[in-house]
Each structure stands twice: as structure tokens, then as C-alpha cells.
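Asks: Questions regarding the structure given below will be posed in turn.
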Amino acid sequence: MIKKYYESDADLAAVQGKQIAVIGYGSQGRGQALNLRDSGLSVIIGLRPGRSFQQASEDGFEVFPVADAVKKADIIQILLPDESQGAVYKTEIRPYLADKKCLMFSHGFNIHYGQIVPPPNVDVVMVAPKGPGHMVRRTFEEGKGVPALIAIEQDYTGDAQAIALGYAKGIGATRAVVFETTFREETETDLFGEQAVLCGGVTSLIKAGFETLVDAGYAPEMAYLEVLHEMKLIVDMIYEGGFTNMRDSISNTALYGDLTRGPRVIGEDSRIAMEEILEEIQNGEFAREWMLENIVNRPVFTALKRNDEEHLLEEVGAEIRGLMPQFKKNA
């Protein structure tokens, strides 16, 4: 069974008196930094010039160039995009990693795939909230927390686990639960979840359902409402109580269709495709492909993203959301 930690298992003392540098100030960086500060910890921000620099300053943080922040810090939490971390680490972090510093991540991609290879005389840990930065912040302000993962890749000082748990407590994660994992397990399961289910799987399923109805002559608006708009209602019920809760809340007609037709949509061919996707993650093929895509300025990424943004589904969705007061700001 996976090991779990709660408030009583973590001690802020492990990170008190240490200078924490959060490198990056996007959604996750901002949420974590604000929570850490509100927990009484010393936090500075390391950034390259840009809009985030102004935001961090307005939030009351001392903001430094990345290299200067690393020099000042005992704990360096790297919260930059995966594709940017390697280059920034090489030029602005690695030269200033002094003995016994702690290098921290919220995703294992760069460590697991060797884009970042830390020296042996530092701790290397992960604290990965299982929610976006704004949720990390909001739940903290409500006196609750978002669950998180911790992993220890390198324990040079002997204090790596205590530091990871102390940091997790500082962002509010131990108010919920903290699970212990490894960099490998977190990276591979996270990528698989994104690609096969949460992002790639869901969007492809919705798009295929929408196109099937429209191609059969049904109004695009009806297709949108049936395959996308109602998705949140179903997902919320699953989130709150699993499949059983959702199935107890729908009609018997819907449930019979679920049980008898669902496996025809996601059947053996889909399972085979999922296994292939997982293998590409495990053997590093996906990581190499994504790194190469960035080296050549993302031509495939840009084209595919543009195609989906111009899809009829997006046009109809914007129109329908514009008719609903609660969605107008997102239309």
C-alpha cells in the first residue's frame, strides 16, 4: 500500500530558518509561494524579466534573477514549464548549487528523463500538489488543502524527507493527505493520465461524439449540449462519489446504455492504444519527441493546437456559453 502522511507526520521546523526560492511564478508558483509565506516561511522568487516579475513584486515578494535567487536559497523549488527547466538549470541554477542545498520539483519529468542531472552533494525531492495553483491557494485560504505527492530522489543530507514533508505542510497539503511515490511513478502515471484520459482521451472522445452527431444531421448546438456541456455534471458526480454515485444519480435508461454501449466505445482497440501510449512514456519516446518538438520551435504542436481551436465545436461552444450568464466571462 502507498504510504500516507498527515499534519501530525510533518514538521514546519524542517523548513523554518531556511530560505526558499520559488523559481517561476505561474499558477503553481504563485499558489505555493503565497501559502508558504502565510505559513511563516521565508520565500523569495527567482524569475526572468516579464509579466510574472511585476505580479510577484505586487504580491509583496522579493524578486531576483534566477541565479541570484539560487545563490541565496537553501531550498530551490523549480516551477518552470517542463520544456524550459533543462536550459535554465544548466545556465542559471547548476553553477550555484552549493553543498547541502535542496533541489525541489513538482513534476518528475526532467529528473526522470535525464534533462536535469543534479550533483551528488544536494538533496533532490518532489512535492507535487494534485491540483492547479489557484486551487492550492483557495483551499489553503479556506483552511483546507489539496492532496500532494512527495518523492525522494537523492537524500544527501539525511533530511530530505523531513524537508519535503515540511514544505508540503507549508503549502497546506498535509491538511488533506500526502502520498509517497517515486519520480518515475509520478512522471509516468501523470503523463499517461494526461494523454490517455484527462486531456487527450476526454477531448478526443468529446470531439468524436460531436462530429458523429453533426455528421448525422443533428444541430451542432444540440450536439454540444449533449457531449460537452453535460460532461461536467457527470464528472462532478464521479469526483464526489465514484462511478457508483454517478450511476445512482442517472436514469435506468442512461445506466443501461452506459453498461452495454460504453465498452463498445472504449474497447479492446482503445486498451491496446493505451498500452502503446504507456510504453512510449516508459521507454522515453514521448519525452524525446517533445524535447525535439521544442528544439525545432513546435511546428506540430502549433498546427494541431490551431486546428482544434478552429473546430466547429469551439465556435458553437463560445456561442452557447455566451447565452449563459454564469459562463459569459469564459465565452
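Positions of Cβ are set from backbone N, Cα and C atoms, glycine also.
Computed from a predicted structure; not experimentally measured.
Positions annotated as domain 'KARI N-terminal Rossmann' by Swiss-Prot: 2-181. Residues annotated as NADP(+) binding site in Swiss-Prot: Tyr25, Gly26, Ser27, Gln28, Arg48, Ser52, Asp82, Glu83, Ser84, Gln85, Gly133. Sequence annotations record features per position, and here Swiss-Prot assigns active site to His107. Residues annotated as domain 'KARI C-terminal knotted' in Swiss-Prot: 182-327. The Mg(2+) 1 binding site annotation in Swiss-Prot covers Asp190, Glu194, and the record cites sequence analysis as its basis.
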Asks: Within 10 Å of each Cβ, count the other Cβ atoms, then let me know which of the recorded positions Arg48, His107 comes out lowest.
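Replies: Each of the recorded positions Arg48, His107 was scored by Cβ atoms within 10 Å; lowest is Arg48.
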Asks: Here the binding-site residues are Asp82, Asp190, Glu194; which one has the lowest number of other Cβ atoms no more than 10 Å from its Cβ?
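Replies: Comparing Cβ neighbours within 10 Å for the binding-site residues Asp82, Asp190, Glu194, Glu194 has the fewest.
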Asks: To the nearest Å, how far is the Cα of Tyr25 (NADP(+) binding site) from the Cα of the residue listed as 'active site'?
Replies: 15
Asks: Do me a favour and check the Cα-Cα span between Ser84 (NADP(+) binding site) and the residue listed as 'active site'; whole Å is fine.
Replies: 13
Asks: What is the number of residues in the domain 'KARI C-terminal knotted' (182-327) that are helix, strand and coil, as DSSP sees it?
Replies: 126 helix, 0 strand, 20 coil
Asks: Average pLDDT across the domain 'KARI N-terminal Rossmann' (2-181)?
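Replies: When the pLDDT values over the domain 'KARI N-terminal Rossmann' (2-181) are averaged, the result is 97.
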Asks: Just to verify a number: CA distance, Arg48 (NADP(+) binding site) to His107 (active site), in angstrom, no decimals.
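Replies: The Cα atom of Arg48 (NADP(+) binding site) is 21 Å away from the Cα atom of His107 (active site).
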Asks: May I ask which of the recorded positions Ser27, Asp82, His107, Gly133 is closest to Asp190 (Mg(2+) 1 binding site) if we compare their C-alpha atoms?
Replies: His107
Asks: Roughly how many Å separate the Cα of the residue listed as 'active site' from that of Gly133 (NADP(+) binding site), to the nearest whole number?
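Replies: Computed Cα spacing between the residue listed as 'active site' and Gly133 (NADP(+) binding site) is 13 Å.
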Asks: Do me a favour and check the Cα-Cα span between Gly133 (NADP(+) binding site) and Glu194 (Mg(2+) 1 binding site); whole Å is fine.
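Replies: Cα of Gly133 (NADP(+) binding site) to Cα of Glu194 (Mg(2+) 1 binding site) measures 17 Å after rounding.
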Asks: Please find which two of Tyr25, Gly26, Ser27, Gln28, Arg48, Ser52, Asp82, Glu83, Ser84, Gln85, Gly133 have the most distant C-alpha atoms, given that the record lists them as binding NADP(+), and give only that distance in angstrom, rounded to a whole number.
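Replies: The two farthest binding residues have Cα atoms 20 Å apart.
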